[in-house]
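S.K.: The annotation transmembrane segment is assigned in TrEMBL to 21-40, 60-80, 87-105, 111-129, 172-195, 228-248, 254-272, 284-304, 310-332, 344-365, 377-396. For 22-398, the entry in TrEMBL reads domain 'Major facilitator superfamily (MFS) profile'.
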Amino acid sequence: MCYTSKLKRVISDLSSGGRGKILLSVAFGWFLSISVRMIYPALLPYIRDTYSLTLTTSGLLLSVLWIAYAFGQLPGGILADWVGERLLLVAGSLLAAAMLALVIVVNSTLLLFLATALFGGGTALYGVSRFTILNKIYPDQLGTATGATMAAGDVGNAVMPPAAGFIATALAWQYSFGAAVPLFLIAAVSLWLTLPEQSSTAAPLSESLDLEGIVPTLSQPVVLRGTALLVLWAVIIQAFMGFYPTYLIDVKGLSAQVANVLFGFFFALGILMKPVAGRAYDSIGVRAPLLLIMGTAGLALLALPVVGEVWLFGLLTVLASSLLGFETIVISDLTQRLPDGTQGTNLGALRTVYLALGALSPFLFGAVADRGYFDEAFVGIAALAGVVVCIVFVSVDY
C-alpha cells in the first residue's frame, strides 16, 4: 500500500503543470529511437544469411550503427543549444524514418552499411536533446524523469526485438524495419504538438560552436571519472546486447524464438530498473547503486558460459539487466554538473566519447568469437565489470 501511494505521488509530480504530455512524447520518441536500433541484434542471424556475413563483419555492422550514433551526439548537442529541443527532436524523428526506409530497400552489403550509418546518425539527433529538455522541465526530478523516459525505451526493447523476429520468420526481416517507419512519423507529430518552443535565452550559434569551453568542462575530475565509467559501461553493454541472441542460438543451441524472447525479457526488466535507478540517484546518491548494479551484472556475465538450462539463462538475464540502470545514474549526475548555456554541446561531446569508444566493442567481440572464443569474450566483459566496481568503490564517495 505504501509503495502504491509513493508510485501515485511520483506519477502525480511528473504530470503536474501539464508536463505529463511532454514526458510522454519524449518517452515515445526514445521508445522508437533505441528499440529500432535494438532490432539489429535480434535480426542479425537473418541479415547474416541474406548477406553471407561472418561474425566479425556482423559485429562491424553493429559498430557502424553505434559509431554513427555516437558521432552525431556533438552536432546534435550544438543544434539543441542553438535551435532548441523541439525542432531537433522532430527533425531527428523524420530523418530516422527516411533512413530506415533506405535500410529496407538497399540490396548490397555496402549499401546496407551506408544506410545503417545514416539511420544511426538520424537517431543521434535525439540522443542529447531528450536529456536537456528533461533538465529544463524537471529541474528537481531529473533522475526520476530520465529513468522513466529511458524505461520507455526498454518497453520498446522488450517488445520490438521479439516482434521483429516473429515478423522476420513469418515474412522477411525487411518488414520488421518497415513497421517502424510510420511510428517515427507519429512521434514527430506528437513532439511538435507538445514540446515548448525555443526559449529566448537559448545560446546563439556562435556560442554553441565555440568548443573551447568543452575541454575545461570535461577535464573536471568528476566529469572525467563519470566519462570513464560510461566508456567501460558502453563497452560492456554494447558487446552484450550485440551478440547475446546470436550466442544463445549458435553456442547454447536455443531456437531463435527463445533467444529473442530472452533478449526482449532483458529489456523488459529495464522498465523497472531504470526508474528505480533514477529514484535511487535522487534519494541516496551515486556510489551504492552503481556498486550493486555492476557487481550483479559482472557475476551474471561470468556465469553465462557455464550454464546450459533455459531457466538459468532466464535467471542470468534478470541479473544482467541491472546494467540498464547504470547510465541513468551517471548521466543524470553529469548533466547537472554541466553549464546551462552550452549544456547540450558539452553533453553531446561527452556522449560522443563514450558511445564511440563503446561502439568498437561489437566488432572486437565478434572478431574474438569468430576465432572460437565466444565464451572467453563474455568472461572478458565480466572482468571489465569488475574494473568498474573497483573504480566506483575507490573514487566515488557520494
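Using N, Cα and C of the backbone, Cβ positions are placed for all residues, glycine too.
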S.K.: Should the transmembrane segment (111-129) and the transmembrane segment (377-396) be scored as in contact, given a threshold of at least 3 Cβ pairs under 8 Å and pairs 6 or more apart?
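M.R.: No, the stretches stay apart by this measure.
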S.K.: Looking only at the domain 'Major facilitator superfamily (MFS) profile' (22-398), report the model's average pLDDT.
M.R.: 85
